[in-house]
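Undergrad: Sharing the feature lines straight out of TrEMBL:
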DOMAIN    47-155  domain 'UBP-type'
DISULFID  67-686  disulfide bond
BINDING   71, 74, 91, 104  Zn(2+) binding site
BINDING   81, 93, 94, 95, 96, 131, 133, 136  substrate binding site
DOMAIN    198-726  domain 'USP'
ACT_SITE  207  active site, nucleophile
DOMAIN    525-566  domain 'UBA'
DOMAIN    591-631  domain 'UBA'
ACT_SITE  688  active site, proton acceptor
């Protein structure tokens, strides 16, 4: 609250100046909403410049005054950059809309080769915006204070008077491009309040979580599991509910659906723009975010993340905590049928795998506006050479049907081991649906890597349909006239791979040169630390075990190389079997901790399964949980076998058990779009996420704390799409 107006006539001139300075500082300071917006956007990590520790600084340069700067060429007084080699001040680059500067700082670098410049007006005791022309990127300068002192600038006394590059990027994106379209900026949207229309506060780069959880709790199965059963969940929660997944999810779901937190925020900031009207206080899911990110190398940080990766992480956490109760993940779960055809023997092999998301590639060659794209690229390059604003953006228009066809197209396998030939051959792999889920989640694979391995985003427009019929993409299993490949496992060391020490460097076929780590060729022992390291990178546990085995315990780097070169193998994630299957390095040793056993049992597993998992992972609880979920099919099969053996022969025949494995629903392959998540920005490391959800017959945009009726949902610019089955 501001104090009442007071007369300052009796105050001395010095005090008046101090008060006036304080008022100016208050008026120029960023509002709370503006600071939140900057924090949410700035997720990209800047690297330390290679010039930071050996920057050449010329002697005899003038001292730089603390204010009153202007460009040495054109007299511009904004967007000014101080070259930290010679102290020259020039204006920055011209932006695409003609604003900004006149490129004089860039021209100075081209003439002198002096690489580093700092943006005047952004220098504070915490640092400043530093650009490296040589590295062509914003960078960090750990010696910035020392470099500035060369020109008489005391960084500890400097104050921010100009916008940072992050703020300028936000302003620019809010005016044009996908940011404006996706957020529906420039339109006075109708705010919505009540049950199901609750906003979520951005806790600092948490928009990926906010958008995903809004969609999750728009699905009845998750509402029934966590909200309708909230009292039961609370009753069963442990002494410390902050560490109980079900409790925290139920708490979040109740907050979103109750309507108790869906109320207009008190507009304390006088500078709130018209499009920001309608903000709610919303929820602040700090406990949920802390718990679901606990122990994860990415989600435990405040950096921006990929919404697709978070969705799958959440699904995995639900799986872990639903062993002994209903599992809402069943609405997403489906089977993919893979057919591999040996091109030499013409024999085939069919396998199925469980998926929760359909990932569709973006075939850029299928663009409908290739001529426009070519003309745009030529104009863009010419404008760049002539230092002119670039032309209006032209997006590639990709048909959605082309994305589906790219998914279903045969894939060439060059190193397929054919059981019919007992040798490697070429093969074709095709994928089809073996079942259709109640809710189909589709990710458009917009994020890729350039030739320099820098992450980039494909700026495309895809005509995603409101209704989708995938019936033609259902697989049918073995067809008439097809002959199956023999069910024979490949040799652990294929004939064209040298054997011997470490599995690769032997002299000949003499097994006496086996690695000392694999002293018994029939029961090799794996380095579990390397296996765990690979698992933490996100690879399947069985694939990691095979990687360590095939590279002879020769370290993480060699195992990683094996993983990258065998990711497309049809049996990549399948367990090794037989006498040569590797053993864990910790099958013996101390008995498992009773506390750890009890923890795993509380997740719905038996005592025998808990003990087995802990023994396989050297009594490490977190690794044991990962191990037990990666071996869940084997454990279920063992439990079924034990149960069968305890019955009479007649009972075993008359009461056959269902097949082991996760439960999969099936139905018609006709769907209707009900939600999508969109991303704004150049990569998953930065930017912003929002989601649109169809509720009560209308589209609603959820933009953190802002929930409004959508006027023009940008369906063509989405990243993750959620379809629900059309009930016939």
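Note: Cβ is positioned from N, Cα and C throughout, glycine not excepted.
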Undergrad: Quick check on the recorded positions: of 67, 71, 74, 207, whose CB has the lowest count of neighbouring CB atoms inside 10 Å?
TA: 67
Undergrad: Among the recorded positions listed here, 93, 94, 104, 688, which has the most company in the form of other Cβ atoms within 10 Å of its Cβ?
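TA: Selected residue: 688.
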Undergrad: Taking the centroid of the Cβ atoms of 71, 74, 91, 104 as the Zn(2+) site, which other residues of that chain lie with their Cβ within 8 Å of it, listed in sequence order?
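TA: Near the Zn(2+) site, beyond 71, 74, 91, 104, sit 72, 73, 75, 76, 80, 90, 101, 102, 105.
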Undergrad: Measuring Cα to Cα, how far is residue 81 (substrate binding site) from residue 67 (disulfide bond) in Å?
TA: 13
Undergrad: Non-local Cβ contacts of residue 133 (substrate binding site) (under 8 Å, 6 or more apart, same chain)?
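TA: In sequence order, the residues whose Cβ lies under 8 Å from that of residue 133 (substrate binding site) (at least 6 apart) are 106, 109, 115, 116, 117.
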Undergrad: Where does residue 104 (Zn(2+) binding site) sit in the DSSP three-state scheme?
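TA: Once the DSSP labels are grouped into three classes, residue 104 (Zn(2+) binding site) ends up as helix.
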Undergrad: Considering only the binding-site residues 74, 104, 136, which residue has the minimal Cα-Cα separation from residue 67 (disulfide bond)?
TA: 74
Undergrad: To the nearest whole angstrom, state the Cα distance for the pair the residue listed as 'active site, nucleophile' and residue 74 (Zn(2+) binding site).
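TA: Approximately 42 Å lies between the Cα of the residue listed as 'active site, nucleophile' and that of residue 74 (Zn(2+) binding site).
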Undergrad: If you run the three-state DSSP split on residue 686 (disulfide bond), which class comes out?
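TA: Where residue 686 (disulfide bond) sits, the three-state DSSP reduction gives coil.
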Undergrad: Over the domain 'UBA' (591-631), what does the predicted model average in pLDDT?
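TA: PLDDT averaged over the stretch: 75.
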Undergrad: Of the recorded positions 71, 104, 686, 688, which one has its Cα closest to the Cα of residue 94 (substrate binding site)?
TA: 104
Undergrad: Near residue 131 (substrate binding site), how many other Cβ atoms are within 10 Å of its Cβ?
TA: 24
Undergrad: Given the recorded positions 93, 131, 136, 686, which lie close to residue 104 (Zn(2+) binding site), meaning Cα to Cα within 10 A?
TA: 93
Undergrad: Per DSSP, to which secondary structure element type does residue 71 (Zn(2+) binding site) belong, with helix, strand and coil as the options?
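TA: In the DSSP reduction, residue 71 (Zn(2+) binding site) maps to coil.
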Undergrad: Could you give the Cα-Cα distance between residue 136 (substrate binding site) and residue 688 (active site, proton acceptor), in whole Å?
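TA: Answer for this pair: 24 Å between alpha carbons.
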Undergrad: Quick one: among the recorded positions 91, 686, which has the most Cβ atoms sitting within 10 Å of its own Cβ?
TA: 91
Undergrad: Given the recorded positions 131, 686, 688, state which is nearest to residue 91 (Zn(2+) binding site) when distance is taken between Cα atoms.
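TA: Closest by Cα: 131.
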